[in-house]
Amino acid sequence: MLELSAFELAERVLAREVSASEAAAAANARVEEVEGDLNSFITGTPELALERAARVDERLRRGEEVRPWECVPIAVKDVLSTRGVRTTCGSRILENFEPVYEASALLSFGPDPIMVGKANMDEFAMGSSTENSAYGPTRNPWDLSRVPGGSSGGSAAAVAAGQGWWALGTDTGGSVRQPASFCGLVGLKPTYGRVSRYGLIAFASSLDQIGPMTRDVRDAALLLQAIAGHDPKDSTSAGVEVPDYLSGLERGVEGLRVGIVRELVEAEGVEGEVREISLRTARALEEAGARVGEVSLPHAGYGLPAYYIIAPAEVSSNLARYDGVRYGLRVPADGVHEMYRRTRERGFGDEVKRRIMLGTYALSAGYYEAYYGQAQKVRTRIIEDFRNAFSGYDVLLSPTCPTTAFGLGEKVDDPLAMYANDICAVPASLAGIPAISVPGGLSGGLPVGVQLMGDYFSEPTLLRAARAAEQASGLRFRLKP
């Protein structure tokens, strides 16, 4: 059962060939088997998963409508609010925080989302390796000496190891796509506003987006079908009709225009074999009928520094709410200002403190226009670059990451080296366009992801291209370790 895709498992549960309870029990057993090696979860919810699975089975017995995504156990990144289940954001400052409401993305799963646990993550989603968690690092199921990527590394490890059939992650500057690449999965960042952010604890509000992490593209399409749509509780939620993401998935890429992004394929630090796998994927799409050419995003090289000004600036504002007064950790002290200082000093980790300071500096009087204002101008230029590119191409292609998964501890003390991992991912985040990472091949026995990017709300086309790329790679999901 653990080898099935989420789509296949849903088919079998709905056909009453297996029960949701059996699926939940299998996931729980797998968590118990490998969690000691991986540390995929901050909070396990095995009993809750069994209770909810039993209710799904009862609804099926009564002949009630049960949608495919309601049948499949899921791992949930610990940045999404779950009513009555602690939600830590990987931080000590929220160690005992239990939300009183559920994130809208989880409400999409009906009354009984079969959640196997809250997945580990970099603290407040700030990181590229899941080493910044206050609850210990997560290890990559492909090689336990390596990172799974971040910040959604726990979600990626859980899916790769079969601790759940799929997972919800969040992507601010690559945090779904990069761990998907490192763990041999499909990771989709939808168009900004396609999925409600209500109940998502904010990192950078103009960038954060919830996305699927799955075993294959068909599962990603099914999970997006579940969570996409307008939500009046989220002012940034787009009132754009949700299409059927599965209907055209197998149509192929005949006539599709695919542009290879020169600046990202040739970016500094991109390993030769990673570059070759991306170009090989482009050739495979061309052989399948796509029209492939080269395209330029002239300002893509400025995306990384712009991102690391804009995102910390939003962090500085968003994390001001953690003061020990309303919720979360409170460290006693003489006087309210000393209590603020001690609470934040003890509650936040080093990377979070670093980004708060960077953001506060960028927003300070005398520096706002020189840093934040200029970064926003770069963001506008990148949006214009994509607009020009999509006038001639339907899908753009690049590596997802410059390298394969690196070793635990290798970059954790070198912030600039860690940030450089995001060089291929941040342009799509700054523009708010959809982007997906699909397995393209192996380098040194480790998975390499290829990134495809589409125009706003073009997820059906993007998923169709990703499905063709996935099939061309010849790779098939296998449980690790």
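Heads up, the Cβ atoms here are built off N, Cα and C, so glycines get one too.
Taken from Swiss-Prot as is:
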type     : residues : note
ACT_SITE : LYS77    : active site, charge relay system
ACT_SITE : SER151   : active site, charge relay system
ACT_SITE : SER175   : active site, acyl-ester intermediate
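Taking all protein chains in view, 31 other C-beta atoms sit within 10 angstroms of the C-beta of LYS77 (active site, charge relay system). Once Cβ contacts within 10 Å are tallied over all protein chains shown, the active-site residues SER151, SER175 are led by SER175. In this structure, the C-alpha atom of SER151 (active site, charge relay system) lies 5 angstrom from that of SER175 (active site, acyl-ester intermediate).
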